[in-house]
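According to TrEMBL, the protein has these features:
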ACT_SITE  D8  active site, nucleophile
ACT_SITE  D10  active site, proton donor/acceptor
BINDING   8-10, W24, 43-48, S51, K77, 115-119, K146  substrate binding site
BINDING   D8, D10, E170, D171  Mg(2+) binding site
Amino acid sequence: MIKGVVFDLDGVITDTAEFHYLAWKELGEKIGIPFDRAFNENLKGISRMDSLERILELGNKQNHYSQEEKEALAHEKNEQYKELIKQITPSDILPGISTFIEDCKSKQLKLALASASKNGPAILESLGLKEEFGTIVDPASLAKGKPDPEIFIKGAELLGLKAEECIGVEDAEAGIAAVNAAGMFSVGVGNAESMKAADLFVEHTADLNLEAILQAVNNK
Ligand code: G16
Ligand code: MG
């Protein structure tokens, strides 16, 4: 029986990908590694330091910086990102998500956030959704990022539930892999190709339907 829902943030509850992109792009240009939106797709759901590594790899500069310098670069990107996310308001909640959360609440489901973002709590606050979530997994407490299942396992644990009692909602391939490996029913948001590993997927957040999901869990 499903008792909880563990949500990814970026791409599911709101779309911060554009802000991450703008902040990384500015840093990339500064260090001589320009990149486009297509490359940015590789950074979705990936932690801050891992994103930096991927950018440095793109420019063949992984070995140009010490650990300390890399941390300074990641910090600089985050300062820029924090400036950009100041504009977030409840109107930035993705379509259908408020209703979906209300439906979960009326079914007494507990909600957790499993985002790789250390800015997750601030973003939920700006969206006016902080009170809805019983638990926010602290990504700094994790040994491994998505696709490792740790963040979803911890989300269920913090809700006092077993992974099998939860649904995981994700928009990234690495995220769906993490939900599946955690032993949760996976719900993907995205196109058929990128969401092929999900137990159920919808193209847009507006298509998320709790009844249909619970039905699919029962039929699995
Ligand atoms: C999000 C984004 C990633 C970002 C990561 C860490 O993941 O998709 O692009 O690198 O968080 O964010 P921060 O630098 O704010 O700690 P998710 O898991 O919410 O999709
Ligand atoms: Mg995401």
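Keep in mind that glycine also has a Cβ here, set from the backbone N, Cα and C atoms.
Annotation note: the residue listed as 'active site, nucleophile' sits in a coil segment as assigned by DSSP. Only D10, G45, K118, of the recorded positions D10, G45, K118, E170, place a Cβ under 6 Å from an atom of ligand 1. The recorded positions examined here are D8, D10, E170, D171; by Cβ neighbour count within 10 Å, the least packed of them is D10.
For ligand 2, the nearby recorded positions are D8, D10, G45, D171; that is, of D8, D10, W24, G45, S115, D171, these have a C-beta under 6 Å from one of its atoms. Ranking the binding-site residues W24, R48, S115, K118 by Cα distance from E170 (Mg(2+) binding site) puts S115 first. Within 8 A of the CB centroid of the Mg(2+) site residues D8, D10, E170, D171, the other residues of that chain are F7, L9, G11, V12, K44, G45, S115, V169, A172, G175, V189.
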